[in-house]
Amino acid sequence: MPTAHVLEPVLKMKVDELFLNWLSEATTQGMLKEYLQKIKNEEWVDTGAKTVTESSGSVPSGNNNATSKKSLTDRSSAPLNAPSSPPSTTLPTGNTGNSRTGLNGRLSRRSVSTKKQTQVKKAEPVTPVLSESIPRFYFPRGRPIANLNIDALISRIEKIFSQFPNERASIEDMGMVAKACECPLYWKLPLFLSAGGDRTGFVSVHKFVAMWRKILQTCHDDASKFVHLLAKPGCNYLEQEDFIPFLQDVVNSHTGLAFLKEASEFHTRYITTVVQRIFYNVNRSWTGRITCSELRKSSFLQIVALLEDEQDINQLTEYFSYEHFYVIYCKFWEIDADHDLHIDPRDLAQHNDQAISQKMIKRIFSGTVTRDKKERKEGRMSYADFVWFLISEEDKTTPTSIEYWFRCMDLDGDGVLSMYELEYFYEEQRQRLDARAIEPLPFEDCLCQMLDLVKPESEGKITLHDLKRCKMSSIFFNTFFNVEKYLEHEQRDPLSVARDSETEGQDVSDWERYAAEEYDILVAEETASEQYNEGYENDFDPAEHHIASELGLWTEKRHLFGIPSPHCDIDFEYEDDFE
C-alpha cells in the first residue's frame, strides 16, 4: 500500500498561492462580505458544515468526491453562488465550535500540521542506497591486497630473528630481515631506524614485528611503505633531509662506491647531488615534499631495487651515477671562484664561456626557481640549486627543465609567455650577436619562426602545455637566452636536426650524453695532470717532496673516480644543503 504524500514546503506555497487567487476574486469577496454582514446581524449562515460533518463521520474516504458534489449542489441554490473553479474546494468546512474563527483557525492548524510532518520527515535517516553500489576507488595508501596472510609473513620474520643472539638484529643483520619482509635490500636502514634501532643499536623481534604488522595493516604498496619508513612522525610526505640516512647507508655499503670511503669529505656532496636529482625527477609539484602519489608515478623505487644487483653504480644514471656527480661537482668547482660552496651572479655568468644572458641570470637569482630563501636574500646560489640549474641547462626537453625555464621567462607569472616577454629576452640576445659581428634576425622574423616551431593553441600566447607538447623546446629556449647553443643549432646541418627529432626517445637523453662527454674530458685532463706530476717528481728533490707532502700541497694519485681534495677549510655539514 503506497504511503500518503507529505505536504512539502514547496507544495504548501503553491496551495497558498491558489488560495490567495481564489480570495481575490470578486465573487468570493462578495460572498464573504455577505457572510460577515449576516454574522454581525446574528443571522444564520449556511456554510455547508453539516454536510461535511456527515461525510467526515460516516462516509469512507473513497466517496469524498460524491460528498463534495452534493455540497456544491446544495450551495448552488444559495443567493450568492460559490465559484465553480477547483480552488473553491479549499473553503473552510470543518466542524468548529466558533464559526467566527473557522477560516483562520483552519489555516493555522494546517500550517502547524504541515511543519510537524516536514520536521518528522527530515528527522528520518536517509539510506544511502546509491553510495553502497559504487565501489571504492581512492586508495591513498595503496589498494589492499586480497587474502593477504599477515601472520605467515610475521612468522617468517620471527624465524629470521631466531637466528640472531637474543633474537636481536644489528644493522649488519637487517639485510636478511629486509628480504624476509619482501623488501629491497637497501630498505634495511629505514627498517632498522623505524623499529627504534638508532636508540639502542639493535632491534628486538617484538618491536620489529609490532612495527611491521602495523605497516602491513595500513600501507598496501611499496610507495606508502617507503614513505612511512622514512617520513617524520605524523607526516605523509618526504622532505630532503629524510633521505640522508638512507643514502648514507648506500654510500657505506654499495660495492660500486667502495672507493668513496677513503674520501669521506665528499660523502655529503654526493648525497646532496642524489637528493636533488630525486626531487628533480620525482617532486613534479615543486613543493619540496614528495608524496606517495608522486613516488608511484616515478621510477625511483624500481631503481632502488636495482641497487642490490647492479654492481656498477654508474649504470643507474637517473639518480645514483657517481660519474654524473663528478661532472656536476667539477663544473660547480670551476666557477666557484672563492671555493666557499656558494656562487653569485658573476660566478654563474662564467658557465660555458658566458653563454647565458644576464637577464636570464638575474631571473634565476630572483628566487623563481631556487629554493634556499637564505641564499636568495644574500644574492647567492647553493650547490643544491646549482644541480637543478646544470641539469636543466644541458637538457631542456624534460618536463622539469621546461618548467624551470618557463618559470624564468614568465616575468609576470600569469602562466603565459607574451610577445613582450619574448622580446625582452631576445633584445639582449640580439645585442650579443651584434657584438660578434653576426647579423641577428629581426624580432618579428624570429617570432614567426618560434610560433611555427611551437604551434601554440592560442594565437599570440605560448603556454607551458604548448612547450611540453613541442618536441624542440630546447631550440626555443636557446634562441632567447643561450647564444652559444643558439649558434650551434644555426650552424648544424638541417638533415641532422631532422634525424635527431626522428630518433628522439630512442637514444640517451641530452643530459646523459653531456655527462658522458664531460666526464671523459675531465678524466683525460686529470690523467694528463697526473702524468705531468709524475714527470715533475723525477726532477723533484726528495727533501722538498717530503715537505710538500707534509703541508698537503702534493696531490697523490687517486682512484679514477676520485675528486681532487680542495685545499681549503670547508664545512661539510648536512645542514648547509637543506636549510
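A Cβ is built for glycine as well, from the same backbone N, Cα and C atoms used for every other residue.
TrEMBL lists 51-70 with the feature compositional bias 'Polar residues'.
If you look up TrEMBL, you'll see 76-99 marked as compositional bias 'Low complexity'.
The list of residues near the domain 'EF-hand' (397-432) in space but at least 6 beyond its ends in sequence, with Cβ under 8 angstroms from a Cβ of it, reads 280-281, 284, 286, 357-360, 363-364, 368-369, 388, 391, 440, 443, 446-447, 450, 460-464, 467-468, 471, 473-474, 477, 479-481, 483, 486, 504, 509-511. Residues or ranges marked as domain 'EF-hand' in TrEMBL: 397-432.
Residues or ranges marked as region 'Disordered' in TrEMBL: 51-124.
Along the domain 'EF-hand' (397-432), the predicted structure has mean pLDDT 95. The DSSP breakdown of the domain 'EF-hand' (397-432), given as helix, strand and coil counts, is 25 helix, 2 strand, 9 coil.
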